[in-house]
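Undergrad: Mind having a look at this structure? Questions to follow.
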């Protein structure tokens with residue numbers, strides 16, 4: 001199994017490389033690419049960690065050597081959010097970066113599963129889909145927006161609030177990956193009883209957690225370490241699925257279009273990527289209202305990505 005990380009010299013990419021070197025199955029290959037000349041050094045650095053994962057690093061304008069033979073491609077390249085910016089401000093820079101990298105994926109490893117980390121994910125996944133479609137290689141089972149950060153934040157905040165064991169707390173998070181499009185299904189958390197006064201502020205905290213980190217870093221970047229952990233968790237689930245294990249994760253994929261063309265929901269992963277899109281389950285009145293209210297925003301985010309490629 002070969003996993004390529006594009007954007008491997010950045011704050012997310014370096015931490016992600018470390019986690020994958022530690023956690024990928026023995027015999028895996030880890031390929032690190034970034035435009036920055038430091039990238040082969042990042043690879044040399046993590047290669048000294050004693051695990052049976054082979055690491056290579058590539059720098060420069062062309063990611064082709066890093067992508068050859070890749071089964072999974074994780075894209076974290078792009079600029080980070082600064083105070084006062086929202087994820088849509090990132091669009092102007094990151095849209096072009098994602099488009100260019102996906103054009104290379106389409107040429108070099110068109111059958112790879114691709115996980116998009118670069119924000120704004122609601123839009124960059126749509127960009128990736130349209131680029132792959134133009135190249136004639138789009139398989140909706142193999143393109144994912146990595147929304148796992150919303151899930152790990154939800155698990156952390158819920159377990160703190162309800163005094164639960166974090167490792168055993170699971171919170172489905174549906175919708176998208178910014179602001180009001182992030183919807184944690186708190187009503188589905190086992191062993192947690194809720195009153196109405198708790199739900200709205202906790203939902204808002206989960207939705208705004210990225211801003212919490214951006215402001216706390218005081219201009220020094222956005223969430224990198226927690227994002228890397230979230231991306232590693234998703235990538236490892238994807239690898240397990242590709243190896244034939246039965247794994248369920250919430251992720252932002254093209255499904256049946258009931259809510260929007262792309263929508264984050266529970267998905268069964270398997271040998272072809274998405275094996276099955278699972279139902280949302282029962283929603284509380286608060287959740288149903290929040291779902292209905294987000295859709296216009298989510299659809300507009302998606303349309304922005306489609307237009308970027310097709311204009």
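Just so it is clear, glycine is given a Cβ too, placed from its N, Cα and C backbone atoms.
Swiss-Prot lists 177 with the feature active site, proton acceptor, giving sequence analysis as the kind of evidence. Among the features that Swiss-Prot reports, NAD(+) binding site is placed at 7, 8, 9, 10, 11, 12, 13, 34, 94, 117, 118, 119, 227, with the record citing sequence analysis. Residues annotated as substrate binding site in Swiss-Prot, with sequence analysis given as evidence: 81, 87, 119, 153.
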Undergrad: What does DSSP say about residue 227 (NAD(+) binding site): helix, strand or coil?
TA: helix
Undergrad: Could you state the CA-to-CA distance between residue 153 (substrate binding site) and residue 94 (NAD(+) binding site) to the nearest Å?
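TA: For residue 153 (substrate binding site) versus residue 94 (NAD(+) binding site), the Cα atoms are 24 Å apart.
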Undergrad: Within its own chain, what residues at least 6 apart in sequence put their Cβ under 8 Å from the Cβ of residue 9 (NAD(+) binding site), listed in sequence order?
TA: 32, 34, 35, 36, 38, 39, 42, 59
Undergrad: What is the Cβ neighbour count of residue 118 (NAD(+) binding site) at a 10 Å cut-off, with all protein chains included?
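TA: Taking every protein chain into account, the count is 29.
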Undergrad: May I ask for the distance between residue 13 (NAD(+) binding site) and the residue listed as 'active site, proton acceptor', taken between their Cα atoms and rounded to an integer number of Å?
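TA: Per the Cα atoms, residue 13 (NAD(+) binding site) and the residue listed as 'active site, proton acceptor' stand 19 Å apart.
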Undergrad: Counting other Cβ atoms within 10 Å of each Cβ, which of the recorded positions 81, 153, 177 scores lowest?
TA: 81
Undergrad: Between residue 11 (NAD(+) binding site) and residue 81 (substrate binding site), find the distance joining the two CA atoms and give it rounded to the nearest Å.
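TA: About 12 Å separates the two Cα atoms.
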